[in-house]
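First the structure, in the form of structure tokens, and then the observations on it.
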Amino acid sequence: MTNLRKTHPLMKIINDSFIDLPMPSNISAWWNFGSLLGMCLIIQILTGLFLAMHYTSDTLTAFSSVAHICRDVNYGWLIRNIHANGASMFFMCLFLHVGRGIYYGSYLYKETWNIGVILLLTVMATAFVGYVLPWGQMSFWGATVITNLLSAIPYIGNTLVEWIWGGFSVDKATLTRFFAFHFILPFIILAMVVVHLLFLHETGSSNPTGLNPDSDKIPFHPYYTIKDILGLFLMIIILLLLAMFSPDLLGDPDNFTPANPLNTPPHIKPEWYFLFAYAILRSIPNKLGGVLALLMSILVLLIIPLLHTSTQRSMAFRPISQTLFWMLTANLIILTWIGGQPVEQPYIIIGQWASISYFTIIIILMPLAGMLENYMLKPKFP
């Protein structure tokens, strides 16, 4: 009798993707974040579904409905806290996943990389519209400030902003449509994840050395299933510790106050995972320039494959590129810190220097380092 796993049309796809998939034998824990992101997405969709059952997307009752979920719904507080902190885990895994891709040259699988960047943008959009839903002060003012950025677009800007608002300010129409977007986008993300995996399985995974791994492959199951489960358990433990012991650690205290259009919070800032981009936005005095820099801070990832000058794929054996990579990491941490600070000196100038160095490292220094390393590796015999 033939094995159903290998003959059934549907089981065969699952088998070729998660069971008999040939994998490089030497991929490290940095390759765990793909499966962790998949799990984050599933957790977010499930908790979000249960929250949507009790949430009302009306300006008068949205804030109260969230309070009702936490007080009156069975384990509603837990579902809400897992959903809110799950977003933080999602972005933490995303940043590490993208960082791994840059360090080990995974961006050379261009199709996988490009759909990954589009995925990152879609997840960011989903998180933004989701943050508006509790209808607290920071939800309202965050929505007002960020949607207002579109007014910087010449000629059509103001019309576009009012079209997105569904009126002349952020109001009931805005909240309702943001809820609709927040509900539909995760399913679009899910479809894009399938495409992301489809492109990845065309080429197979890269590995820490950057060398061709074809000569040494092992099956995904049981080796990497058990490894992924270990990573998953660790992530769930961290998520539950965060959600149960300090659920408001990463949130903004202003969001415990219901939205009030007549009262502006002293410091309008997004969640921690957007602070680096927010710092880049604020570091440019011109509105349109700031918006373009904000977009470029993410879209610059799309040109990274074109800027690869090294003869080696991975940074594992490239000390100069490694130094630049960790400088970039430190730079992003500085930008994240600056994004949460008020707009005053010395934060303004630090933010401006950090923004300049962010783009300089990626666009200029990394390609130059690759060329320098190529030159240093050439034999210099007379």
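Using N, Cα and C of the backbone, Cβ positions are placed for all residues, glycine too.
Features reported for this protein in Swiss-Prot:
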type     : residues      : note
BINDING  : His83, His182 : heme b b562 binding site
BINDING  : His97, His196 : heme b b566 binding site
BINDING  : His201        : ubiquinone binding site
TRANSMEM : 33-53         : transmembrane segment
TRANSMEM : 77-98         : transmembrane segment
TRANSMEM : 113-133       : transmembrane segment
TRANSMEM : 178-198       : transmembrane segment
TRANSMEM : 226-246       : transmembrane segment
TRANSMEM : 288-308       : transmembrane segment
TRANSMEM : 320-340       : transmembrane segment
TRANSMEM : 347-367       : transmembrane segment
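Shown here: features listed in Swiss-Prot, placed on the structure.
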| residue | record | Cβ within 10 Å |
| --- | --- | --- |
| His83 | heme b b562 binding site | 21 |
| His97 | heme b b566 binding site | 20 |
| His182 | heme b b562 binding site | 22 |
| His196 | heme b b566 binding site | 22 |
| His201 | ubiquinone binding site | 13 |
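Contact check: the transmembrane segment (77-98) against the transmembrane segment (178-198) gives fewer than three Cβ pairs closer than 8 Å, residues 6 or more apart, which falls short of the contact criterion. The DSSP secondary structure for His196 (heme b b566 binding site) is helix. Here the transmembrane segment (288-308) has Cβ contacts under 8 Å with residues 98, 102, 105, 107-108, 110, 113-114, 117, 120-121, 124, 149-150, 152-154, 276-278, 280-282, 355, 358-359, 362-363, 366-367, 370 of the same chain, all six or more residues outside its ends.
By the count of Cβ pairs under 8 Å, the stretch nearest in packing to the transmembrane segment (226-246) among 33-53, 113-133, 178-198, 347-367 is 33-53. The stretch in 113-133, 178-198, 347-367 that contributes the largest number of Cβ pairs under 8 Å to the transmembrane segment (33-53) is 178-198.
Long-range neighbours of the transmembrane segment (113-133) within the same chain, counting only residues 6 or more positions beyond its ends whose Cβ lies under 8 Å from a Cβ of the stretch, are 55, 57, 62, 66, 87, 90-91, 94, 98, 101, 106-107, 139-140, 142-143, 146, 174-175, 178-179, 181-182, 185-186, 188-189, 192-193, 195-196, 199, 270-271, 273-274, 298-299, 301-302, 304-305. Take the Cα of His97 (heme b b566 binding site) and measure to each of the binding-site residues His83, His182, His201: the nearest one is His201. Listed by sequence, the residues of this chain that lie at least six past the ends of the transmembrane segment (320-340) yet keep a Cβ under 8 A from its Cβ atoms are 95, 99, 102-103, 269-270, 272, 274-280, 282-283, 310, 347, 350-351, 354-355, 357-358, 361-362, 365-366, 369-370, 372-373. A Cα-Cα distance of 30 Å separates the residue listed as 'ubiquinone binding site' from His83 (heme b b562 binding site). Looking at His83 (heme b b562 binding site) and His196 (heme b b566 binding site), their Cα atoms lie 24 Å from each other. His97 (heme b b566 binding site) falls within a helix when secondary structure is assigned with DSSP.
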